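Report on the following structure.
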Amino acid sequence: MAHDIHAHRILILDFGSQYTQLIARRVREIGVYCELHPWDMSDEDIRAFAPRGIILAGGPESVHEANSPRAPQAVFDLNVPVLGICYGMQTMAEQLGGKVEGSDLREFGYARVDVVGKSQLLAGIEDHVDADGVFGLDVWMSHGDKVTRLPEGFHILASTPSCPIAAMSDDTRHYYGVQFHPEVTHTKQGGRILSRFVLEISGCEALWTPANIVEDAVAAVRAQVGDANVLLGLSGGVDSSVVAALLHKAIGDQLTCVFVDNGLLRLHEGDQVMAMFAENMGVKVIRANAEEQFLSNLAGESDPEKKRKIIGRTFIDVFDAEASKLDNIQFLAQGTIYPDVIESAGAKSGKAHVIKSHHNVGGLPEEMNLKLVEPLRELFKDEVRKIGLELGLPYDMVYRHPFPGPGLGVRILGEVKKEYADLLRRADHIFIEELRKADWYHKTSQAFVVFQPVKSVGVVGDGRRYAWVVALRAVETVDFMTARWAHLPYELLETVSGRIINEIEGISRVTYDVSSKPPATIEWE
């Protein structure tokens with residue numbers, strides 16, 4: 001490894017904003033490594049992290065309330081550039097001797113700020129220039145409080161009619177505050193502003209690229225694993241597929257994958273996984289055909305939560321049985337990604353090893369005494385996809401819609417039966433095929449069919465028949481926290497419905513789910 005791609009790094013301190021992970025993703029997109037830590041990170045940890053620049057993120061609290069969070073003193077003692085965003089700007093102002101007050105006028109949503117001062121942060125960055133030569137920026141605001149007195153050494157950089165100090169700067173110390181959110185796409189020049197802070201002001205080099213990340217991860221895996229053997233549960237999902245490709249590149253035949261075919265996968269999915277990894281890439285994959293075991297364990301159970309637990313337990317049983325046939329396995333690989341690390345244990349220690357419950361290998365480590373290998377634990381989902389492409393995985397696989405761990409088990413309402421799973425698989429295949437043909441697959445974030453265990457009357461030729469009902473579901477979302485139902489063209493829905501009813505004996509009616517999240521969840525169970 002010629003260079004340490006973690007050497008140039010930015011520290012982001014989280015004060016509780018819903019946008020904080022977005023800041024980290026934006027910094028990574030610029031090509032610079034960063035980590036997210038809680039606002040009360042200790043001074044010694046901050047010094048040990050040795051950031052080239054620090055970003056104080058937003059948060060829901062009021063700076064002037066008792067016990068509201070403050071940036072650690074080390075932030076201002078390190079002599080590195082600091083950018084405060086929203087709450088981060090307010091706490092910086094307060095801590096450096098300025099004043100913050102509550103305001104009757106909340107600013108929420110789009111705003112235009114006038115750039116009234118000169119500073120390296122915003123120089124040459126604008127959306128408009130008005131007749132008087134004032135530069136303007138279109139930004140996204142979300143605040144009630146505002147800075148009413150600048151700390152010593154600062155000047156006003158930007159303002160709006162209701163917020164005279166919308167941005168402030170002290171170019172001598174390289175301290176900057178912006179009241180708006182540069183990390184959200186609504187702030188049109190946000191990427192350029194963050195880029196300016198990270199690359200030019202903080203002096204970071206853009207070393208964090210997919211090619212470098214792969215090289216670094218391969219070296220790290222080899223260093224951790226040595227000549228030991230590694231076991232991976234391969235599901236065909238994005239995370240486990242990328243882990244498989246990465247480990248195969250790093251350690252070749254020391255990797256063994258177990259692919260559990262639970263009978264609840266998409267049409268031909270098991271064969272596709274085997275073709276991709278075993279045949280094309282030469283990965284050692286053991287395929288456990290466990291459809292009968294899963295279906296017999298699920299028989300008679302209609303409660304969604306219990307179904308999930310049964311599927312999870314059965315997975316562990318099957319995985320364990322296969323793993324115990326293997327000799328000399330020392331490591332268990334997992335597709336843990338950075339958001340899991342952040343959520344688990346508040347990422348307080350930064351060392352939180354958490355096994356994703358939906359990988360369902362919770363029963364393994366204790367008995368087999370395996371050490372964990374988590375090569376993706378520093379990466380966001382969008383980075384994992386880019387790494388997948390870098391490793392040569394096909395685009396369609398890497399950008400495939402999410403599929404739940406329990407598979408079709410939670411898309412068959414009520415009891416799971418083989419007959420239902422077979423019908424659903426075919427209906428789902430038709431829906432996805434038509435979405436791809438009409439160029440709608442990548443415009444939707446998730447699309448699938450739900451099997452409803454109710455029969456409805458249909459007319460076939462001269463006769464009536466009672467057959468099953470299915471619902472189509474397609475949503476658009478940025479973060480899966482909120483989602484709106486996809487407004488698919490009527491012609492497309494008509495084609496899908498016609499094909500499902502005509503090609504699949506046993507389904508007589510197709511409905512389209514027009515519920516958004518909230519209140520409805522994306523999956524039905």
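Positions of Cβ are set from backbone N, Cα and C atoms, glycine also.
According to Swiss-Prot:
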| type | residues | note |
| --- | --- | --- |
| ACT_SITE | C86 | active site, nucleophile |
| ACT_SITE | H181 | active site |
| ACT_SITE | E183 | active site |
| BINDING | S235, G236, G237, V238, D239, S240, S241 | ATP binding site |
| DOMAIN | 9-207 | domain 'Glutamine amidotransferase type-1' |
| DOMAIN | 208-400 | domain 'GMPS ATP-PPase' |
Of G236, G237 (the binding-site residues), the residue whose Cβ has the fewest other Cβ atoms within 10 Å: G237
Beyond the site residues S235, G236, G237, V238, D239, S240, S241: chain residues whose C-beta lies within 8 Å of the centroid, for ATP: L234, V242, V243, G335
By Cα-Cα distance, the member of binding-site residues G236, G237, D239 nearest H181 (active site): D239
Least Cβ-crowded entry, counting other Cβ within 10 Å, from the recorded positions listed as C86, V238: V238
Packing count at S240 (ATP binding site) (other Cβ atoms within 10 Å of its Cβ): 21
Inter-residue Cα distance where the pair is E183 (active site) and S235 (ATP binding site), in Å: 33
Mean of the pLDDT scores, which run from 0 to 100, over the domain 'Glutamine amidotransferase type-1' (9-207): 92
Cβ neighbour count within 10 Å of H181 (active site): 23
